[in-house]
Ligand SMILES: Cc1cc2nc3c(=O)[nH]c(=O)nc-3n(C[C@H](O)[C@H](O)[C@H](O)COP(=O)(O)OP(=O)(O)OC[C@H]3O[C@@H](n4cnc5c(N)ncnc54)[C@H](O)[C@@H]3O)c2cc1C
């Protein structure tokens, strides 16, 4: 096993951060991609040295390619295999870890090699601390969400895996989930609410602002999973959906990376938060430090 890094990608998600973390440890990162030709081409243009592409036949879920992907990665014998923290890539990472008998880690932000060991840094304690792990075993790791841009590069060669034997699994049907009336994907303006709202009555403030802006309402995961105020279809972020409105007004949202991943495509982000140190203020065009109970009605009145 030499000090090399392979990335696996099976979801159509930004790969800038995964490639960047990999390249800091190995300048000649190889990629194994499961999915469409377009996905393989986009990874090939993201700064990797080569792409091994496992095509996904029509009607076959990406997860059915896990065995083939594991076999291909095993042939490359990497010290470290990295994947984005996205649904199908996670499954493939699991299959690779089993095949390599690897140590596994999540929320990883850096890997490097020191004195014959692989050193992995990952976020812990709700991302407030970095834990360093060391091992001499192969490592399979999910990379923490980040916003590093894809480095412009000449496309890497793509080697297609022909006639792979896939797990006998097909997509039998797709039933659209309840959207709760939300059309966040196409909304031009969105008001996002978070745990800064401590009582359900305060939702009326955000709804009035959304009305004045002709905006949809979105929320952080907490208001869906913990408070049960909203359907999953209104959550934006890593676990759900990424949106790209012209305007995103966040109300009482701290701006954790898992949420910001979902709104990074917004043209303009306006943040309202009473904590001047809230991370959202590092990611917005306009920030208003203040109590949402005062700021939101004032903004609504000014817009009405
Ligand atoms: C694997 C994983 C996946 C995740 N996926 C997602 C995801 O897809 N989407 C998502 O949103 N989260 C996701 N999370 C959760 C995420 O890490 C955060 O916990 C969550 O986004 C925090 O929600 P919040 O900003 O509403 O709450 P908090 O972080 O609690 O922030 C509340 C904010 O409100 C402010 N505030 C309080 N009172 C007021 C007031 N009166 N006026 C103004 N501001 C006020 C506070 O200063 C604070 O900054 C995920 C977490 C994990 C571990």
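Just so it is clear, glycine is given a Cβ too, placed from its N, Cα and C backbone atoms.
If you look up TrEMBL, you'll see 195, 252, 253, 254, 255, 256, 257, 258, 259, 273 marked as FAD binding site. According to DSSP, residue 253 (FAD binding site) sits in a coil region rather than a helix or strand.
The domain 'Electron transfer flavoprotein alpha/beta-subunit N-terminal' annotation in TrEMBL covers 22-165.
Across the domain 'Electron transfer flavoprotein alpha subunit C-terminal' (183-264), DSSP helix (H, G, I), strand (E, B) and coil residues number 29 helix, 17 strand, 36 coil. According to TrEMBL, the feature domain 'Electron transfer flavoprotein alpha subunit C-terminal' maps to 183-264.
Counting residue by residue with DSSP, the domain 'Electron transfer flavoprotein alpha/beta-subunit N-terminal' (22-165) contains 39 helix, 52 strand, 53 coil.
Taking Cβ-Cβ distances under 8 Å and a sequence separation of 6 or more, the neighbours of residue 259 (FAD binding site) in its chain are 192, 194, 220, 221, 236, 237, 253.
Taking the Cβ of residue 253 (FAD binding site) as centre and 10 Å as the limit, one finds 30 other Cβ atoms among all the protein chains shown.
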